[in-house]
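The structure appears below as structure tokens.
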Amino acid sequence: MKTLLIHSDYLEFEAKEKTKVAEKTDVLNGKMDECLTVFIAVEKDDESDPNAVVKNAVEEIIKTADNLKVKNVVVYPYAHLSSDLGSPATAKEILAEIESELSNNYEVLRAPFGWYKSFKISCKGHPLSELSRKITTDRKEEVKKEKVVSKFYIIDGESQNLTEVNDEIIAKMEDKRLLALLKHELEIKEEATERGEPPHVKYIKEKEICDYEPSSDAGHFRWYPKGKLIRDLLSDYVYNLVVERGGMPVETPVMYDLQNNAIREHADKFGERQYRFTQGGKDLMLRFAACFGQFMMKKDMYLLPKHLPLRLYELSTYSFRYEQRGELVGLKRLRAFTMPDMHTVCMDMKQAMEAFEDQLWMGLKTGDDFKTPYAIIFRFTQDFFDENKEWFFAMAKEYKQKYGKDAILEILSGRKHYWVGKVDMAVVDSFGRPIENPTVQIDVESAERFGIVVHDGDKKVHPIILHCSPTGSVERVLCGLLENAYLNTLENKPPALPTWLTPIQARVIPVGDKHEEYALEVVNKLRSSGIRADFDDREESMGKKIRNAGTDWVNYVVVIGDSEMESGKLTVTVREESELKKPKKESLSVEELIEKISSETIGAPKRPLPLPMKCSMQPIFR
């Protein structure tokens, strides 16, 4: 913020004409005698912490006014003091807050924002009558006083013991996934080793799933047909999961106007990692989650207690986060991503806690379905935890009984976010680092900020809202799946995706030309049964065809020669049951193969293979 403070005999103004960002006001003219006139330009940096810049500006104005023994203050917006202006919405709020704070001890006149104004001023002309000041968002000692402190515990749900984490506890931990998550939370750095790229980065390129798009911004991907199929199947999976549990799908914009106070305040809580830009005189942002559109939609709804809990779901395609370039890592951390996002409106905390528990189990189910085990951490403010210990311990006990695992508990001394409780579930990658995926959060702020109300008789109640991503971003889910596939190789298992997610579930390879007609019949039977099957008709050796099927992670490789045609039994290599150098082969009829694959994919979403059936016709994308 830039300010120009003038000790004035008087300041007089008249608002002449509106601009596009003019505030609504009845104060179109005014005059104040014997005053301190404060010309103010709100800058972009002020948006990172509006409360701090208001506090610091008020302190500076009070100090100057007291030195000059002045009791009258004019707050005058003056954009010409800076070439790096903040958004109009931020400026209006900051100026209004400054006026409000000063009004406790001074007579204050504030000129309207966003109007062309004429003004007359008489400067007293003494050595302290003209002062310029740059106001920053520095909080000085206040930050230290208000710092929220965390304590971490290991919770054994069966015994319901809480053990505070220390070096001895860390040294004794046997659950490697939970230990990796705990070290990440405690910011314990491992000894530096030459690791290179995570395995999933190699896989996404080698398997023609996706790749960096060099002509876009860093952290944006192009998706090839196989990758698009996987992403669509994952999206279908989450859609079915939430709709079965009462979620109502919606779609909202990806771009929002920061002049809306609620939008800006919610965006500011996320910090600087946003795509923001100015277009047509408006300060705009690209969403980093579906909160904005869903909250604006809920604000316009006429909600009654009987409607609750009310769940709105959106597959946020895309969401954007301006991560630092040096932090961008494959599908784990990127700038444009697909986020399944459900928000649940709850009447009160009791209903919110019931929904939280339901959504915890829903999130854990996704790990079961993907075969990617999670480590989990609960996070609660001290007050919330003290009030709801019995509920938490019952939930932790059920988790231990179902999964046989301990969990981490973080207790925060106060609230530093919009939530009072949350749970995060993480896959651990091949480098021993967590990939946080599903999350559930109890939000106690946003309903009031966005004006969301429930009509309960004559009362209007601000509800509690749960944020839930049942899987985390689709890209991170795939990241976890691929990292888990690599970890399988360390246990002498071939890397693979779950059958329902594998682009090519079955490949039929004829030994010779005379076997092609029968092989095509088999392929067509598989495809007509909803199985993604292709046919390797390339002019290559049998050995290379089988190796290619392995490279493509085909779940079932069917070889057809004389004996298969004569017996009607197919020789099938089953990838999931094989070892790295010891393929597991079975003799199955076409019907038995169809039944085997169908049993593995029962209840899972299905889509056809988006590639030509014949391998010779499938293009190479990279």
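Even glycines carry a Cβ here, placed using N, Cα and C.
According to Swiss-Prot, the protein has these features:
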type: BINDING; residues: CYS291, HIS343, HIS467; note: Zn(2+) binding site
type: REGION; residues: 1-136; note: region 'Editing domain'
type: REGION; residues: 199-498; note: region 'Catalytic'
Near the Cβ of HIS467 (Zn(2+) binding site), how many other Cβ atoms are there if near means within 10 Å?
22
Neighbouring C-beta atoms (10 Å sphere around the C-beta of CYS291 (Zn(2+) binding site)):
25
Once CYS291, HIS343, HIS467 are set aside, which residues in the chain still have Cβ within 8 Å of the Cβ centroid of the Zn(2+) site?
ALA289, ALA290, GLN294, PHE295, ASP341, MET342, GLN441, ASP443, SER446, ILE465, LEU466, CYS468
How many other Cβ atoms sit within 10 Å of the Cβ of HIS343 (Zn(2+) binding site)?
26
Taken over the region 'Editing domain' (1-136), the model's mean pLDDT:
92
By DSSP, how many residues in the region 'Editing domain' (1-136) are helix, how many strand, and how many coil?
42 helix, 56 strand, 38 coil
